[in-house]
Amino acid sequence: MPAQYRKQKVKPRGVSNRNRALQWIRANATEGTLYFADDDNTYNLKLFEQLRHVRKVAMFPVGLISKYQVSSPIVKNGTITGFYDGWLGGRKYPLDMAGFAVSVKFLHSRPKAQMPFKPGYEEDGFLRSLEPLELKEVELLASNCTEILTWHTQARKNPPAPALDRKKYGGTNLVQLTSWLV
């Protein structure tokens with residue numbers, strides 16, 4: 001981590017490593033999928049099979065994260081209509097780091113894409129650095145974002161998720177998705 005960020009109260013964790021990985025991929029890979037896996041997550045092997053086929057950018061739900069217990073694109077009729085996350089924070093892409101993947105070929109077409117040193121905005125900043133990117137171009141994995149194939153399982157007790165507002169989210173993937181939560 002660069003020295004100027006070490007003194008901050010809230011530090012941008014893992015950014016140097018991720019940016020170094022991006023540099024290595026650009027120098028050494030021409031195909032495949034970039035996915036920022038984490039040692040405190042649990043993965044269903046189906047996710048990795050799906051990641052093999054990403055053409056540009058893919059998004060999918062992550063379970064056991066935030067006050068809602070899930071972070072996901074909101075999908076209605078096969079289209080992303082927003083994001084469901086316990087902390088929106090003015091982010092264009094309020095997702096967990098484990099909730100998206102990028103094709104290496106697409107990454108090469110965005111040579112300036114990198115992770116910002118801004119705590120809480122790493123994912124959003126990275127996805128913004130891939131622009132131009134329209135939501136209609138994003139591939140929806142995990143059965144159109146109705147399954148949880150990635151679980152944030154770090155040792156922390158989370159309160160129960162609030163009930164889903166069915167008036168607001170009826171007809172979206174969230175109805176089926178929240179049935180996965182205890």
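Residue numbers in this text run from 1 along the chain shown.
Cβ coordinates come from backbone N, Cα and C, glycine included.
In TrEMBL this protein carries:
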- Glu123: active site, proton donor/acceptor (ACT_SITE)
- Asp40: Mn(2+) binding site (BINDING)
- Asn144: N-linked glycosylation site (CARBOHYD)
Lowest local Cβ density (other Cβ within 10 Å) among recorded positions: Asp40, Glu123: Asp40
Inter-residue Cα distance where the pair is Glu123 (active site, proton donor/acceptor) and Asn144 (N-linked glycosylation site), in Å: 21
